[in-house]
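Comments concern the structure below.
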Amino acid sequence: MTERTLVLIKPDGVERRYVGDILGRVERKGLDLVALKLLTVDREVAEKHYAEHAERPFFPDLIEFITSGPLVAAVLEGPRSIEAFRQIAGGTDPVAKATPGTIRADLALDGQKNLVHGSDSPESAAREIALWFPELG
Ligand code: CMP
């Protein structure tokens, strides 16, 4: 079943010039780009996006990082796109969890500066797409 997912190429991905590489992997996987933009996000949207992590010790640092510079936000579409993007992203920790061949395993070292975010469920995808792309609603 075709579904949508929200993907971020985080500020480390833009700064390290991996936007083309990451979007290339998305395209080669066969996922469709529905919407795409470059922006620097404000604290309000960042805190809403990561609301489920509000009580975690790394939350303040995460908000600082995600608002620190331009990032790419995208909506992808395709069969099982949520799981498909998470597969090519690799696990959250680029060393301990991500499998070689994934974006995070190939290109990142840090548990926070892990290059990409992908929605983790249909409910998160709907919430995140509405937050980042209200114009699609
Ligand atoms: P993401 O998939 O965007 O979801 C939550 C983010 O919090 C995660 O990627 C990392 O950027 C960050 N994160 C998760 N766990 C940790 C951690 N233990 N320390 C620092 N940052 C983390």
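Including glycine, each Cβ sits where the backbone N, Cα and C put it.
Note that the structure is predicted; figures quoted are calculated from it, not measured.
As given in TrEMBL:
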- 2-137: domain 'Nucleoside diphosphate kinase-like' (DOMAIN)
- Lys10, Phe58, Arg86, Thr92, Arg104, Asn114: ATP binding site (BINDING)
- His117: active site, pros-phosphohistidine intermediate (ACT_SITE)
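Positions of TrEMBL features highlighted on the structure.
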{"residue": "Lys10", "record": "ATP binding site", "DSSP class": "coil"}
{"residue": "Phe58", "record": "ATP binding site", "DSSP class": "coil"}
{"residue": "Arg86", "record": "ATP binding site", "DSSP class": "helix"}
{"residue": "Thr92", "record": "ATP binding site", "DSSP class": "coil"}
{"residue": "Arg104", "record": "ATP binding site", "DSSP class": "helix"}
{"residue": "Asn114", "record": "ATP binding site", "DSSP class": "coil"}
CB < 6 Å to ligand 1, subset of binding-site residues Lys10, Arg86, Thr92, Arg104, Asn114, seq order -> Thr92, Asn114
Other CB atoms, at most 10 A from the CB of Asn114 (ATP binding site): 24
Could you tell me the C-alpha distance between Lys10 (ATP binding site) and the residue listed as 'active site, pros-phosphohistidine intermediate' in angstrom, no decimals? 7
Distance in Å spanning the most remote Cα pair of Lys10, Phe58, Arg86, Thr92, Arg104, Asn114, given for ATP: 21
What is the interatomic distance between the Cα atoms of Thr92 (ATP binding site) and the residue listed as 'active site, pros-phosphohistidine intermediate', given in whole Å? 9
Do you know offhand how many angstrom separate Phe58 (ATP binding site) and His117 (active site, pros-phosphohistidine intermediate) by C-alpha? 16
What are the DSSP helix/strand/coil residue counts across the domain 'Nucleoside diphosphate kinase-like' (2-137)? 62 helix, 28 strand, 46 coil
Non-local Cβ contacts of Arg86 (ATP binding site) (under 8 Å, 6 or more apart, same chain)? Gly118, Asp120
Phe58 (ATP binding site), Cβ-centred 10 Å count of other Cβ atoms over all protein chains shown, is 12
